[in-house]
Amino acid sequence: MALLLKSVLVVAVFSIFSIAQASDPDILSDFIVPAGSAIDGNLFTFNGTRGIFGSIIEKFSVTKASKAEFPVLDGQSVSLAVLQFPGGGVNPPHTHPRAAELLFVVQGSLEVGFVDTTNKLYTQTLQVGDLFVFPKGLVHYQYNSDWNKSATAVSAFGSANAGTVSLPTTLFATGIDDQILSKSFKSDVATIQKIKAGLSS
């Protein structure tokens, strides 16, 4: 009886974990055709990154090729983003809850880092041609510390919809009460309000 109970418990735990996974579903066909789309070479072509390479970079920007922008990626467990940094530009601390990120520097240099679940910070200075992996779900950032040169990187994700949770926006621009934030950061309400005002300008 005890062995049967243990077996049922193990099966139940594995069932819950398999249901709760945040990842792309396996598909039973070669690809998923978005409603109303013709099945030809255009379906598999994304041209939203044309013209961005070699352009003047005035502010940090991200050009995504994910399921939202490129619907045929649905079920393919892959997406891409081009990150462009002006001199001194930063991609603030954020996470991707559904995928790891593989960043490839194609112009300039970047200071990058992530924090693991033991609160250890891993950093690196990347040059053109370098790659760096940010493990799935961990807080990470990228920073162009060269104020005189722009930088560009291409990020690949193991999901058609990696998701992005920007910590500054999530914490200070979603309506979390100022008292809660001031207590959490061992600060005062006036400082929290200054941070919120800076994000909205």
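Note that the numbers count up from 1, one per residue, in the order the chain is shown.
Each Cβ is built from the backbone N, Cα and C atoms, and glycine gets one as well.
Database features, via TrEMBL:
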| type | residues | note |
| --- | --- | --- |
| BINDING | Asn91, His96, Glu101 | oxalate binding site |
| BINDING | His94, His96, Glu101, His140 | Mn(2+) binding site |
| DOMAIN | 60-193 | domain 'Cupin type-1' |
| SIGNAL | 1-22 | signal peptide |
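Same-chain residues with CB within 8 A of the center of the Asn91, His96, Glu101 CB atoms, the oxalate site residues themselves not counted, are Ala81, His94, Thr95, Leu103, Phe134, His140, Gln142, Ser155, Phe157, Ala162, Thr164. In this structure, the binding-site residues His94, His96, His140 were compared by how many other Cβ atoms lie within 10 Å of their Cβ, and the smallest count belongs to His94. Same-chain residues with CB within 8 A of the center of the His94, His96, Glu101, His140 CB atoms, the Mn(2+) site residues themselves not counted, are Thr95, Phe114, Phe134, Leu138, Val139, Ala162, Thr164. Mean model confidence for the domain 'Cupin type-1' (60-193) is a pLDDT of 96.
Taking the C-alpha positions, the distance from His94 (Mn(2+) binding site) to Glu101 (oxalate binding site) comes to 12 Å.
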